[in-house]
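The structure appears right after this line, and notes come after that.
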């Protein structure tokens with residue numbers, strides 16, 4: 001009997017210890033699972049923080065690259081002379097090369113079909129335009145000739161029904177734009193910054209950061225249009241891509257033209273045109289043809305008086321005379337949208353759309 005009781009006690013004790021050990025083991029397992037979950041969360045948070053740091057470092061590096069172009073150390077005179085000599089050589093080479101078309105576009109203007117005055121907002125001079133790339137309906141307003149803020153609307157309709165700029169999203173740039181020569185192309189704003197030199201800045205409208213910037217390799221700029229003296233360079237987009245319209249003191253009676261790579265901002269080719277700066281108010285490009293608009297002595301009467309085609313398919317004698325309807329003052333900017341074949345015009349604070357009638361260049 002005593003032996004039986006002893007055995008029962010030992011079995012009972014073993015059972016209690018086994019139960020306690022199993023319970024402690026479960027608690028330990030739960031603690032380890034909880035700690036592992038916590039470590040996973042901390043690991044994910046750390047990974048996200050590292051990604052964020054990487055993104056910020058990339059952004060800071062891009063901003064530093066941009067600031068270096070704005071505030072670089074002043075080189076010695078010998079280096080400056082060498083740089084000028086290199087720029088002159090580059091310009092001569094770009095002017096000699098034969099232009100290779102990027103598209104099969106051969107349209108030119110026949111006449112103005114219609115004019116629509118959308119509204120009046122902002123100052124007497126500025127730029128308004130839809131994103132000229134495919135797939136975007138957003139509208140952008142550059143009010144004035146010297147500012148660092150762009151007003152963005154989701155559509156032309158939102159801009160039209162907005163009380164002033166109340167429905168706009170404001171985008172503050174890292175540097176001020178000058179003149180009325182800016183464009184928005186494939187979700188990037190290309191604007192002119194002028195301190196000591198003319199710099200083309202490419203700004204990503206989605207990521208809100210400077211993608212690239214380039215000093216334009218030409219010395220002694222002068223205003224490209226005599227009637228819009230604030231604009232020292234006018235950027236334009238057509239079916240072929242990005243262009244720069246400018247003028248220099250060496251050829252100050254006429255307007256010059258350059259084809260740019262929209263991705264790298266490199267200069268692909270340059271031309272000196274026979275289009276005078278005198279009485280010019282604005283210009284635009286369609287299918288590689290530059291159209292310069294002049295204001296006649298009668299206020300509000302403008303017309304295309306000079307045409308320059310980079311492929312020599314159109315001359316001034318062959319091009320039709322294109323007259324704009326009577327308006328309020330002078331165009332401070334004309335931006336062509338190749339997706340819609342519309343001109344976005346800013347005229348004394350009025351935002352205007354021109355519908356164009358086109359014809360083939362070979363039909364002249």
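Placement of Cβ uses the backbone N, Cα and C atoms for every residue, glycine included.
The coiled coil feature in TrEMBL is assigned to 22-49. What TrEMBL lists as disulfide bond is 105-287. Look at TrEMBL and you will find 104-360 tagged as domain 'Olfactomedin-like'.
In this view, residue 105 (disulfide bond) is surrounded by 17 other Cβ atoms within 10 Å of its Cβ, with every protein chain counted.
In the predicted model, the domain 'Olfactomedin-like' (104-360) shows an average pLDDT of 92.
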